[in-house]
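Heads up: the structure comes next, in structure tokens.
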């Protein structure tokens, strides 16, 4: 093995890559980040985003989510990272129970009545909502403060990094399909609309996995409206049509949104997999820790997964040295 002064290289600058790098740096390890795209151009920066389960599965997911909620509560209290605690309502079109994770919020309650007849179940809770462009820049600033070097570079293979550090941490998101040779990872594109906030301070979210889920999430002066979910190989709606449908659905729920000016449209790919991949492997003798496949729950589990990554790297370094 080549001797270097770097303990680990993190591949990817989405929310899981940046958080993993920060967890490593805060344990005193020497870390660098290599990524094809940096904020605000990452898929993570297109997310809504709020803490909660969506297109994510793993036996440890609830623990990771709990660690994330604790971290986001602390960040919300600090008021410097684009994180806010917001109360709102989640609904389902059928008779449904809240996701088991939601008990972690501490204030989950069923609604006895609601204003939308198309939904048959509803519950309220308080969760963290995350302004992803602001939050991603916060993470980048924290990494700079820790002395972490960030290199923008497109990799054709993880082998390009062999020997540059004892451990490579693969947080390449949808890019893992190619970099990790994982055909089970499916990039699922989503689109959201950002509008000026007309005075909304609660969220609305539709539970489900359909191609058009309705939600709106306030972020101070703006509101993110969602969304479309486009499976690979499917026929994508023209952007103008998708935007109009999202705006109409959200305005049907909250009339204040009907004339809210559009500020922008964001799209990104969710790295969907049957299960999150968080494990230590080797590639031609190079230690590689994979941390990808978080689906629509990357923000939610980012801190829990990142802390586990840090422990795994420390264990690898102990064995190597």
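Backbone N, Cα and C atoms are what each Cβ position is placed from, and that goes for glycine too.
Per TrEMBL, the feature domain 'FAD dependent oxidoreductase' maps to 7-311. Here TrEMBL flags 215, 270, 296 as D-dopa binding site. Under the heading FAD binding site, TrEMBL lists 295, 296, 297, 298, 299, 300.
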Residues flanking the FAD site, with Cβ no more than 8 Å from the Cβ centroid of 295, 296, 297, 298, 299, 300 and excluding those residues themselves: 47, 49, 53, 54, 55, 56, 270, 294, 301, 302
Candidate with the highest Cβ count within 10 Å, taken from the binding-site residues 296, 297: 297
Mapped DSSP class for residue 300 (FAD binding site), helix or strand or coil: helix
Cβ neighbour count (within 10 Å, all chains shown) around residue 298 (FAD binding site): 29
Neighbour count (Cβ, 10 Å) for residue 300 (FAD binding site): 31
Other residues, Cβ within 8 Å of 215, 270, 296 Cβ centroid (D-dopa site): 47, 48, 54, 55, 190, 213, 226, 227, 229, 295
Around the Cβ of residue 295 (FAD binding site), the count of other Cβ atoms that are within 10 Å: 24
Confidence summary (mean pLDDT) of the domain 'FAD dependent oxidoreductase' (7-311): 95
For residue 270 (D-dopa binding site), the number of other Cβ atoms found within 10 Å of its own Cβ: 26
DSSP-derived class (H/G/I helix, E/B strand, else coil) of residue 295 (FAD binding site): coil
CB within-chain contacts under 8 A for residue 299 (FAD binding site), separation at least 6: 15, 44, 47, 49, 50, 51, 68, 130, 132
